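OK, TrEMBL features for this one:
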DOMAIN    A:1-436  domain 'Major facilitator superfamily (MFS) profile'
TRANSMEM  A:20-38  transmembrane segment
TRANSMEM  A:58-78  transmembrane segment
TRANSMEM  A:85-105  transmembrane segment
TRANSMEM  A:111-132  transmembrane segment
TRANSMEM  A:144-162  transmembrane segment
TRANSMEM  A:182-208  transmembrane segment
TRANSMEM  A:247-265  transmembrane segment
TRANSMEM  A:271-293  transmembrane segment
TRANSMEM  A:314-332  transmembrane segment
TRANSMEM  A:338-361  transmembrane segment
TRANSMEM  A:373-392  transmembrane segment
TRANSMEM  A:412-431  transmembrane segment
Amino acid sequence: MASVLTRSAIVAPKNFNRWLIPPAALAIHLCIGQVYAFSVFKIPFMTHFDAGEVSIGWIFSLAILMLGISSAIFGPWVEKNGPRASMVAAGTCWVIGFFIASLGIMTGQLWLVYLGYGVIGGIGLGIGYISPVSTLMKWFPDRPGLATGLAIMGFGGGALIASPMSNQLMSLYGGGPEPENLVAGLTPTFVTLGIVYAVVIAAGAFVIRVPHPEWTPKNFDPAKATTKPMQTTGNVSVRNAIRTPQFWLLWVVLFLNVTAGIGILENAAPMIQSYFGITAAAAAGFVGLLSIGNMGGRFIWSTTSDYLGRKNNYMMYLGVGLLLYLVVALFGGNSIVLFILATLVIISFYGGGFSTIPAYLKDLFGVYQVGAIHGALLTAWSAAGVAGPLIVNSVVEAGEKAGKTGPELYTPGMYIMVGALAIGFIANILVRPVKEKFFEREEDVKAKQAAALEVDN
Amino acid sequence: MSNSTPTAHVPPEGSPQSPVGGAYKAVGSTLTVVVVGGLVWGLTLTVVKAVAIFTG
């Protein structure tokens, strides 16, 4: 009898309500999205370990680096074994990461936090991020942008939940909201978060299902879905996909779109203070608004791509994005409302770029191994996670050394992002349908898909 | 296209190892409430805090 973790063990009935699946996908993304709230632990960690910003910052950087590496390496495994096995593997790594990190906090060993949260947790991030995506696209062949937007919105939403929850837990366990209390509450907070995430991810893995081979959405005609010019009628394996120019063009697009978003995220709080002289507390409120823009963009823009087309959506993210960066560079200091609106829209495009890419990959390469191809593409995120802050912070440091202050520190960085988005815009324009020579034989694809679903009696 | 496209032999009620009866519906409903509730809670807190901070 097949293990309950295999794909064949989680085939849904023919009359299943597909709207039960997005909450399961959201569950894992909300949990692993906690990584975007890591900054809430930065100062308590610096105090507890008597370490500097760079040393503590590496915990987050390591996690994002491992995200891209593990999603690429384990993508084929995720594709082969299905969403439940993947969610269980991801959840195990993510939760064990928290427990090992809590051991590191308890014993004062920072290397254990690197190992736990950074390396093992980062592997959980990579597997977890891609685990529900291809399953969602199989459940929503008529609206893949909406489906993946819902799940990947969860990754942005994870920080909105984890940030206040972590502060409240540290305050509760540490005996108060003062900095020294938060430090005292670190270990039990990490243990509690690990337990909460274990329960939620387990529930998601329990609920997830794959479609019955005879199931289709109501009123859906597969023939009509593939009449748009950029949508393929074939299927491409991950091994062939990485040999196509389209994969590498999308890699450049994602790398540059993420870098541009980091250009805002990395400096949002100091920029708005420099430009308008507002307090640090108000700047923190602005960062909160950016999180909402990030999350909203993931769902809204990905959903609109079902109607506008993925290529057109990316033309908007990159083309309108570069215009808005120009607006911020030239006029951003004149009006706080203009500054906030422009940066909110730029950040929404950053989120939209993440959530629309799986549907773009499906359009180009088919659904056959889209999870693995998505995993390989996420190395662009890792690269941008390293390169983006490096570019942005280097420009600011160079400006400081040259004696610049205030808005002058940030303007050169804005122009660099304009250039980056222009290159991404051109790369997106160059994307064409994949040549048939890269397609798998249709009989082979259907045979493998049938074998994966074969139910043992 | 091949005339003998292979299809998986899956019963109409789905995999026997994963029924979708009472326990499934209970877990699914609870998970939906937790996920949606968590998102609404986090969003509301963030909006309230951001507006409060900006308006002093």
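Using the three backbone atoms N, Cα and C, a Cβ is placed for every residue, glycine included.
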Calculate the per-residue pLDDT averaged over the domain 'Major facilitator superfamily (MFS) profile' (A:1-436) and state the result as an integer.
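For the domain 'Major facilitator superfamily (MFS) profile' (A:1-436), the model's average pLDDT rounds to 90.
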With pairs restricted to those 6 or more apart in sequence, evaluate whether the transmembrane segment (A:412-431) and the transmembrane segment (A:20-38) have 3+ C-beta pairs under 8 Å.
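With fewer than 3 qualifying Cβ pairs, these stretches do not touch.
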Looking at the stretches A:85-105, A:144-162, A:247-265, A:338-361, which one shares the most CB pairs under 8 Å with the transmembrane segment (A:111-132)?
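Going through each listed stretch, the top one turns out to be A:85-105.
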Need a quick answer: max count of Cβ pairs under 8 Å to the transmembrane segment (A:338-361), which of A:20-38, A:58-78, A:144-162, A:182-208, A:373-392 is it?
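Most contacts with the transmembrane segment (A:338-361): A:144-162.
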